[in-house]
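As recorded in TrEMBL, the features of this protein are as follows:
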BINDING   11, 12, 13, 14, 15, 16, 17, 18  ATP binding site
DOMAIN    6-212  domain 'CobQ/CobB/MinD/ParA nucleotide binding'
Ligand SMILES: Nc1ncnc2c1ncn2[C@@H]1O[C@H](COP(=O)(O)OP(=O)(O)OP(=O)(O)O)[C@@H](O)[C@H]1O
């Protein structure tokens with residue numbers, strides 16, 4: 001059965017695109033036919049982070065009725081399929097998000113998992129990916145403003161009949177001021193399904209237009225993303241593949257520090 005996940009947050013810059021691209025890449029690596037679609041049509045980033053910014057056909061043209069979806073599918077790392085949105089404002093203006101559901105129906109005929117990278121903020125168009133996915137994953141940073149916006153996104157998702165799978169804490173640090181997992185779960189009323197550390201390798205990898213799980217597979221952020229992907233894919237990934245040993249101390253320290261903290 002196909003599963004569609006929307007990666008959302010409310011607040012901008014929490015790591016939605018980073019997670020969409022890296023989770024999608026790993027899900028493909030673990031044998032799932034995975035598609036990533038950039039539904040952030042105004043501020044499209046997936047094409048940029050994967051070096052697909054100059055492709056001739058994007059989701060914009062498909063939603064404007066000028067191209068078919070098969071023309072807008074590109075191959076990414078580990079065979080993940082990518083449907084970028086265009087970067088031109090004209091293309092954005094011509095695209096009709098109301099057609100997104102029909103496009104999605106076509107794609108799910110050919111894949112196991114579809115990941116929708118949602119736009120930040122609460123807009124009419126931004127609500128569509130929250131409503132049409134099977135499950136929404138909230139990406140939060142360990143700060144109050146991120147939590148407040150994630151809570152709004154959760155409420156909005158439920159209002160439009162969507163379902164939340166859980167939250168991923170991204171850019172976690174050992175700072176005492178970081179919000180604890182306990183607090184996140186209490187405030188959002190959802191489970192935290194992954195903790196990804198703040199890791200300079202993420203930005204380093206994006207300079208090479210390559211996901212961190214590919215460029216720096218043993219970095220702390222990559223290891224945690226691989227764990228989340230393995231869980232979603234339902235595969236038992238060997239510790240060697242996760243490079244658990246070399247990262248164990250850092251990640252264990254980070255996780256227990258975050259879990260223990262109470263605000
Ligand atoms: N775990 C991390 N460690 C360090 N940097 C990170 C991490 N996750 C994301 N970043 C960086 O944070 C910035 C924002 O990430 P990203 O573009 O994925 O966020 P976004 O939520 O998709 O943003 P937008 O709302 O603008 O679409 C990028 O520069 C990215 O490289």
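Glycine is no exception: its Cβ is also placed from the backbone N, Cα and C atoms.
Feature annotations (TrEMBL) mapped to structure.
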{"residue": "11", "record": "ATP binding site", "Cβ contacts under 8 Å, 6 or more apart": "120, 141, 145, 146, 149, 150"}
{"residue": "12", "record": "ATP binding site", "Cβ contacts under 8 Å, 6 or more apart": "43, 120, 121"}
{"residue": "13", "record": "ATP binding site", "Cβ contacts under 8 Å, 6 or more apart": "120"}
{"residue": "14", "record": "ATP binding site", "Cβ contacts under 8 Å, 6 or more apart": "120, 139, 140, 141, 146, 170, 171"}
{"residue": "15", "record": "ATP binding site", "Cβ contacts under 8 Å, 6 or more apart": "9, 139, 141, 170, 171, 196"}
{"residue": "16", "record": "ATP binding site", "Cβ contacts under 8 Å, 6 or more apart": "7, 8, 9, 40, 117, 118, 120, 139"}
{"residue": "17", "record": "ATP binding site", "Cβ contacts under 8 Å, 6 or more apart": "38, 40, 45, 46, 49, 117"}
{"residue": "18", "record": "ATP binding site", "Cβ contacts under 8 Å, 6 or more apart": "49, 170, 202, 206, 212"}
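Surrounding the centroid of the Cβ atoms of 11, 12, 13, 14, 15, 16, 17, 18, where the record places ATP, the chain contributes additional residues within 8 Å, namely 9, 19, 120, 139, 170.
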